[in-house]
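Enquirer: Encoded as C-alpha cells, here's the structure I'll be asking about.
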Amino acid sequence: MISAAQLLDELMGRDRNLAPDEKRSNVRWDHESVCKYYLCGFCPAELFTNTRSDLGPCEKIHDENLRKQYEKSSRFMKVGYERDFLRYLQSLLAEVERRIRRGHARLALSQNQQSSGAAGPTGKNEEKIQVLTDKIDVLLQQIEELGSEGKVEEAQGMMKLVEQLKEERELLRSTTSTIESFAAQEKQMEVCEVCGAFLIVGDAQSRVDDHLMGKQHMGYAKIKATVEELKEKLRKRTEEPDRDERLKKEKQEREEREKEREREREERERKRRREEEEREKERARDRERRKRSRSRSRHSSRTSDRRCSRSRDHKRSRSRERRRSRSRDRRRSRSHDRSERKHRSRSRDRRRSKSRDRKSYKHRSKSRDREQDRKSKEKEKRGSDDKKSSVKSGSREKQSEDTNTESKESDTKNEVNGTSEDIKSEGDTQSN
C-alpha cells in the first residue's frame, strides 16, 4: 500500500486527495520529509523491488517538481546531498562486490573440491586397477602352469578368482568415468560481475538476455554508472573550488610578491634618498668648509690687504706727509721767500718811501728854505707866493700818496700770486 501511495503521489501529487477549497501544503525541497536521494537522481529503493536485493519501500517524498526546484536553486550540489548519495551507492556497490567475491570463492572452492575429489579417487582406482591387473596376470600365469601340469581343478578355481578380479577392475573403471563427467559439468558455472548472480557458461541467449534485462542487473549497472558520474561531477566541483582557491592563492602570492617588490623598491628608494641626503650633507659640509676656508683666506687676505693697505696707507700717508711737509716747506720757503720778497719789497718800498720821504723832506726842507728865503725876500708878495707855495705842496703830497698807493697794490698782488702758487703746489701734491 505504501508503494502504491508513493506511486500515486508521484503521478498526481501529494495533494491529490484535497478538496478544491482546502489549503495545499507547500513543501520545500530541503524539507526532511523529502527523499534527498531522489533529488540527486533516483532512489535506490525503487531499483530492486521484488528481487533478492530488495531494499524495502522508501517512506519519503519523491516529487519531480521538488527535484527541478532543487536543480534550479543556488544551493545545487552545495548542500552535500550528492556526497551522501554517493556514499550510499558505494555502500551498495561494496555489498554487491562482497557478493561477487563470495561467488568467486564458492566457485573456486567447488572446483578445488571437485578436482581434489576426482584426482584422489581416480588415482586410487587407477592404482587398484593396476594391482588387479597385475594379480590377474600372475593368476593367469599360474593357471597356465597348473594346466600344463594337469591340475585342472586348481586352475578352474583360480579362473574364478581371475573373473572376480576383472569384474572389480571394470567397476573401478566405471566409477572413475562417472566422477570425471560430474567434474566437467561443474566447471561450466560463472559469476556475473555486475550483480553477483551465478550464470551457466554457454547457456541459451534468451536466458542470458533475461538476466541482463532484469531489475537486479540493471539496478546495479545504473548504480555503478551513477557512482562514476557522481565522482566525476564532484571531482570537477572540488576542482573548481580548488582551482578558485589555487587562483586566489596565486593571486595572493602575486600580490605578496608585488608588495614585496614594492617594499624593496621603497627600501631602495629610501636608501637612495638617504644616500642622496648624505651626499647632499657631505656637499653642504664641503661647501661650508670651502666657504670657511674662503672666508679664512679672505679674512687673511683682507687682513693682509688691510696690512698692505695700512702699510700702503701708511706709506702713502708718510709720502703724503713728506709731500705735505715738502709742500709746506716749499710753501714755507715760498712764503719765506715771499715774505722775504715782501720784506725786501717792503724794505725796498720803505727805503724808496724813505728815500722819497727824504727826498720829499729834502725837497720840502729846500722848499721851506726857499720859502723862507722867499718869505724873507719877498715879504711883499706873501699872499701870492703863499698861494703858489700851498699849491705846490699839495701836488707833492698827492704824488707821495699815489706812490704809497702803488707800493701797497704791488704788495697785494705779490701776496695773491704767492697764495695761488701755494694752492697749485698743494693740488699737485694731492694728485700725486
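Placement of Cβ uses the backbone N, Cα and C atoms for every residue, glycine included.
Because the structure is a prediction, the values reported are computed rather than measured.
As annotated in Swiss-Prot:
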type: MOD_RES; residues: Met1; note: N-acetylmethionine
type: MOD_RES; residues: Ser3; note: phosphoserine
type: MOD_RES; residues: Ser110; note: phosphoserine
type: MOD_RES; residues: Ser115; note: phosphoserine
type: MOD_RES; residues: Lys231; note: N6-acetyllysine
type: COMPBIAS; residues: 234-287; note: compositional bias 'Basic and acidic residues'
type: COMPBIAS; residues: 302-311; note: compositional bias 'Basic and acidic residues'
type: COMPBIAS; residues: 368-414; note: compositional bias 'Basic and acidic residues'
type: MOD_RES; residues: Ser420; note: phosphoserine
type: COMPBIAS; residues: 421-432; note: compositional bias 'Basic and acidic residues'
type: CROSSLNK; residues: Lys424; note: SUMO2 cross-link
type: CROSSLNK; residues: Lys424; note: SUMO1 cross-link
type: MOD_RES; residues: Ser425; note: phosphoserine
type: MOD_RES; residues: Ser431; note: phosphoserine
Enquirer: Return the count of C-beta atoms lying within 10 angstroms of the C-beta of Ser110 (phosphoserine), excluding that atom itself.
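Expert: So the number of other Cβ atoms within 10 Å of Ser110 (phosphoserine) is 14.
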Enquirer: Do me a favour and check the Cα-Cα span between Lys231 (N6-acetyllysine) and Ser110 (phosphoserine); whole Å is fine.
Expert: 37
Enquirer: Taking the Cβ of Lys231 (N6-acetyllysine) as the centre, count every other Cβ atom within 10 Å, in any protein chain shown.
Expert: 12
Enquirer: Can you count helix, strand and coil residues in the compositional bias 'Basic and acidic residues' (234-287) using DSSP?
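Expert: For the compositional bias 'Basic and acidic residues' (234-287), the helix, strand and coil counts are 54 helix, 0 strand, 0 coil.
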